[in-house]
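Novice: After the structure tokens below, expect a handful of questions from me.
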Amino acid sequence: KSSKREWKPLEDHSCTDVPWLLLFILFCIGMGFICGFSIATGAAARLLSGYDSYGNICGQKNVKVEGIVNSGLDLTHKKYVFFLDPCNIDLVHQKIKSIALCVSACPRTELKTLADVQKFAEINGSTLCSYELQPSEYTTDPRAAKLCPKYPVPESAPIPFFHRCAPVNISCYAKFAEALITFVSDSSVLHRLISGVMTSKEIIMGLCLLSLVLSMILMVIIRYISRVLVWILTILVILGSLGGTGVLWWLYAKKRLSAGALETQIAKDNLQALLIYAIAATVFTVILFLIMLIMRKRVALTIALFHVAGKVFIHLPLLVFQPFWTFFVLILFWTYWIAVLLFLGTTGSPVPNEEGFVEFQMAGPLKYMWWYHVVGLIWISEFILACQQMTVAGAVVTYYFTREKRNLPFTPILASVNRLVCYHLGTVAKGSFIITLVKIPRMILTYIHTQLKGKENACARCMLKACICCLWCLEKCLTYLNQNAYTATAINSTNFCTSAKDAFVILVENALRVAAINTVGDFMLFLGKVLIVCSTGLAGIMLLNYQRDYTIWVLPLIIVCLFAFLVAHCFLSIYEMVVDVLFLCFAIDTKYNDGSPGREFYMDKVLMEFVENSRKSMKEAGRGGGAEGRELKPM
């Protein structure tokens, strides 16, 4: 029934999926509760001000912890955390294995002996040994070897905002760096790589800016080169398949003619393998030609949609900046999420450990709060991305279904954001929750697979990988369906399930066109990404080649190319989104309109030419004699 329901683009707006919006708001309130709980229990103070191994927060008066001798001290004048052995890092548990103390000042010079430590305490009033030792006892008390810092004490400086004394010389963390950069066996290589990045930082920033500009330019001009790209792709595929098949048959014929009576079994096996390969290549080439023959007219639709998408970006220039806003909001949320995660790492009640020091642990159901926090990371991130999809869909729908383009709103993007906030946040919350339901099991299975690597048998490993792959495919399919559901919601202001059904029916009725757009179109956009990366990389090679201040510039070039690909992907994914929205609008337009008075098309002139060409081909084929006729039956 939904496929026969009349579509009324932009005629009325109503709130959709309100219960899901309320559920999402309640979930966000829960996220806020976790943040408030961690701050109220002192986690924020412990994280920012730091705390010692006895549970005392530096820079304030503290409460006594039962069973801990040095707890409950007044450390108002000792505002910095100092580690007796700051270079002893436990990579497994991701913490420093050292006694932590609160001190009034960090050692700004290297202290080579206990006498230097004692002199530093007398001059600066900062005691670097444990609280039970007085500065006068540093050189005489036998406990000083255990309760004083490991010497030489490296020069250190406080970390801004976090009040921790960190060694100035990063060589202290050589073990940590070695674990992170396992492919570097020579420290001199690492030094040259880092120096190369630091010396060429201006060039790197300039090349990153170049990739940004190239991505924007490509989004505007791709509509002019889309036809050329499609034909180049078609010719390359034809030549590649024919050439590969011909070479295989030529090799088989050559081997067959040169074969003698005394040929070995290996030679016979190779000849048979060549025959199998040649036959398989022939079958593949024939199938490929048939597919290209069937889809040749649908490729024309892809070219037309790319042309119209270019016009959309000219009329809606703010679409170009959509990735910036989304990325900015995601960075803000991720920063908040990481800060709360750090709070959770230091929240809880003080508990003595086996060594007689204090650890903060949560008891009862509260210790599972980080699971809620992880689900919040996935759902809210997907919600932000879905808001971008709905915003783009609403703006493109407004452009497509406005007959007179001069009557477009002053800023269709802002108008789309206004409709999203007023009417469709519930739909976005529901769609993003569905993606979250698929993402979480896949992440859990991936984690299990990582933890069991090398321990599970081959069958279990295969089943795990198969489940992960199936969930990944399901996630991609649902993401695509969600995007089209958002478009249907933007057109007809229906709830998520109704929009998803309507969009699914339209996509099934135009399955071959969808296949053409998602193959040819995606490959064209991939070529665009390759073009931007290659152009930026070439410019990087030319600029870095003239830089003689360092020896290795491989790492700067890799950084530039990765950034160029990331930027190109962000911008061209918006282009892909616009093409998908235009296609759904076009399919709905051709389904419910035929160009007659009262049922005029909304489509652009370029798409109108495609429709006229399709009508001519239908007449020549006897109107409805094939798949093309079935797809254009309403016209």
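Counting begins at 1 with the first residue displayed.
Even glycines carry a Cβ here, placed using N, Cα and C.
TrEMBL feature annotations, pasted as is:
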- 20-45: transmembrane segment (TRANSMEM)
- 203-222: transmembrane segment (TRANSMEM)
- 228-253: transmembrane segment (TRANSMEM)
- 274-294: transmembrane segment (TRANSMEM)
- 300-320: transmembrane segment (TRANSMEM)
- 327-348: transmembrane segment (TRANSMEM)
- 368-401: transmembrane segment (TRANSMEM)
- 523-544: transmembrane segment (TRANSMEM)
- 550-572: transmembrane segment (TRANSMEM)
Novice: Mind checking which residues reach the transmembrane segment (203-222)? Cβ under 8 Å, same chain, six or more beyond either end.
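Specialist: Non-local partners: 197, 306, 309-310, 313-314, 320, 524, 528, 531-533, 535-536, 539-540, 543-544, 547, 556, 559-560, 563-564, 567-568, 570-572, 574-575.
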Novice: So which residues does the transmembrane segment (368-401) touch in its own chain, when a touch means Cβ under 8 Å and the partner is 6 or more beyond its ends?
Specialist: 9-10, 24, 27-28, 30-31, 34, 37, 312, 315-316, 319, 322, 325-326, 329-330, 333-334, 337, 340-341, 344, 362, 408-409, 412-413, 415-417, 419-420, 424, 427-429, 431-433, 435-436, 439-440, 443, 482-483, 486-487, 489-491, 574, 577-578, 581-582, 585-586, 589, 602-603
Novice: Taking pairs 6 or more apart in sequence, does the count of Cβ pairs under 8 Å between the transmembrane segment (523-544) and the transmembrane segment (20-45) hit 3 or more?
Specialist: no
Novice: Within the same chain, where does the transmembrane segment (228-253) have neighbours whose Cβ lies under 8 angstroms from its own Cβ atoms, ignoring anything closer than 6 residues to its ends? I mean 6 or more beyond.
Specialist: 271, 274-275, 277-278, 281-282, 284-285, 288-289, 292, 299, 302-303, 520, 523-524, 527
Novice: Given a Cβ distance threshold of under 8 angstroms, which distant residues of the chain, six or more beyond its ends, lie next to the transmembrane segment (327-348)?
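Specialist: Distant contacts of the transmembrane segment (327-348): 31, 34-35, 37-39, 41-44, 46-47, 51, 360-363, 366-367, 369-370, 373, 376-377, 380-381, 384-385, 570.
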